[in-house]
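One structure is given below, encoded as structure tokens.
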Amino acid sequence: MHKQDGATMSEENTEQNRQGKTTDDLVIAKRQWERVRSRLRAELGEATFNSWFRHLEILKATATSITIQVPTKFIGSWIETNYLKRILGHWKKENDAISKINVSIQPAMHQPATQPETISRVVTDSRSSQPVQNTQVNHLPSEERGQDDVGAPLEPRYTFDNFVVGKSNEMAHAAARRITDGNPSYYKLHNPLFLYGGVGLGKTHLMHAIAWEIRRNDPSRRVIYTSAEKFMYQFIRALRYKDMMSFKQQFREVDVLMVDDIQFIAGKESTQEEFFHTFNALIDGNHQVIISADRSPSDLEGIEERIRSRLGWGLVADIHPTDYELRLGILQSKAETLMRNHKDAVVPEQVMEFLAQRVATNIRELEGALNRVVAFASFSGRPITLEMAKEILRDLLRASERRISIDQIQRKVADYYNVRMGDMLSARRSRAVARPRQIAMYLSKQLTTRSLPEIGRKFGGRDHTTVIHAVRKVESLRESDPSIEEDVDLLLRSLEA
Ligand code: ADP
Ligand code: MG
């Protein structure tokens, strides 16, 4: 990247003259940075790397410190809190004398000098890089364009106020909040925002929260929230009624398009094609696009490679499974709301702690459990107690007890055969590790609801055919080899205990 900011250039020049050695330091640092970068990429994965490190440059280097240039405040503060130690650690391997990494915020060179504060009506045409007045978008009132028809309705409860932030969702939340700030420099670098995570962890909630917030800040901005499923139905309907022109127009005239659960269009080729055209048109016109899925872009099987890679080209934020603190926080916040509506619904702390511990699958189930307890109490007129909660949730608790993770299975099998956990994931093919690995795959198929491709991925990214092979192999060994039968039997029993 060339530096465009004159002030910075001359500052650097004087400093170089003064220090003499700085130029060399900078050249060396840039080379070291390449190596640090590739380690970060290997360690963090492509998606995370692209989100945070793709746009970084070395700005300055001295004998003991490195200054990294970041394009936005958001990226800067995220790197400072989350990655600075790691960067320093890697840098020390390159040059032990480096003791400090600084972060300096410098907008990227392609930003015009005078940024419009909000991008609500001014969009930049990427070809001419001239700001153009996008009159089309706003000259019709939204009702006439059938806004509610195109998108899906928004749930009033799903706001930022009702979203509890914890470690597992803080990055997704921060990214979502940023979009509602309407900061144009952020906008370009992190478009699309791709949110992914398991079921019931708050993806839809966050998307609705973004939509509410944008509408509140600037009602003239056109926001469409839809699901991939609805997108497909509308596309098919448009095809049938030969109404493609208005279909295309509706989606391309928005300021912000959100498509929820994109994994739905896997295997649906013409819908994918149409989605991709819409997507490209919006991104090229610098309109914000927000996508959600239950897995990362690269894991979206059945979606074309070029689409997958484009989806991961902005900011990819994953929502991890919840931890105990977050679950308790969510319960406390929900209980407060419930208590406002049913005056008599007092949920004792002890009950919340119990639920947070035992209903660990996802937030939807957690909420459901709390609602059931509160509903029962208010309908029976009895106060909520721990005994009552256990009684009402008996079936749910039993089901969640039985859930075993692939991780647990791998650990148990590794222990049993005295191999390392890493061998479960490695490419080593020697019998001593291949057999236990096959048994762990077999047990994962038996004891979890994971699909074959999901299991394959958990075993160091193997193909689903490898898993099928392992399952068949172990099935036949159980019949022909009594010692294997005994091993599997023991493992099954101890995992189910
Ligand atoms: P997903 O779309 O990821 O499957 P949802 O957004 O539908 O999950 O969330 C499931 C339920 O859990 C919703 O009722 C939502 O309000 C609630 N929820 C999820 N995350 C949070 C959170 N961080 N704070 C409060 N409620 C949450
Ligand atoms: Mg959802």
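Note: Cβ is positioned from N, Cα and C throughout, glycine not excepted.
Please treat TrEMBL annotations as automatic predictions, because they have not gone through curation.
Fair warning: this is a prediction, and the values are worked out from it, not measured in the lab.
All protein chains included, Gly202 (ATP binding site) registers 26 other Cβ atoms within 10 Å of its own Cβ. The annotation ATP binding site is assigned in TrEMBL to Gly200, Gly202, Lys203, Thr204.
What TrEMBL lists as compositional bias 'Polar residues' is 112-139.
Summarising the annotation, TrEMBL assigns domain 'AAA+ ATPase' to 189-317.
Annotation source TrEMBL lists domain 'Chromosomal replication initiator DnaA C-terminal' at 405-474.
Positions annotated as region 'Domain I, interacts with DnaA modulators' by TrEMBL: 1-107.
The region 'Disordered' annotation in TrEMBL covers 1-24 (among others).
The annotation region 'Disordered' is assigned in TrEMBL to 108-151 (among others).
According to TrEMBL, the region 'Domain IV, binds dsDNA' annotation covers 378-497.
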- Query: Counting by DSSP, what is the helix, strand and coil composition of the region 'Domain IV, binds dsDNA' (378-497)?
  - Reply: 92 helix, 0 strand, 28 coil
- Message: For the domain 'AAA+ ATPase' (189-317), how many residues does DSSP put in helix, in strand and in coil?
- Response: 68 helix, 24 strand, 37 coil
- Task: Compute the centroid of the Cβ atoms of Gly200, Gly202, Lys203, Thr204, then list the same-chain residues not in that set whose Cβ lies within 8 Å of it, in sequence order, for the ATP site.
- Result: Gly197, Val199, Leu201, His205, Leu206, Ser292, Ile319, Ile363, Arg364
- Item | Listed in sequence order, residues with CB under 8 A of Lys203 (ATP binding site) and six or more positions away | Ala172, Leu195, Tyr196, Gly197, Asp260, Asp261, Ser292, Ile319
- Grab the pLDDT values for the domain 'AAA+ ATPase' (189-317) and give me their mean, rounded. 92
- Task: Across all the protein chains here, work out how many other Cβ atoms are within 10 Å of the Cβ of Gly200 (ATP binding site).
- Result: 17
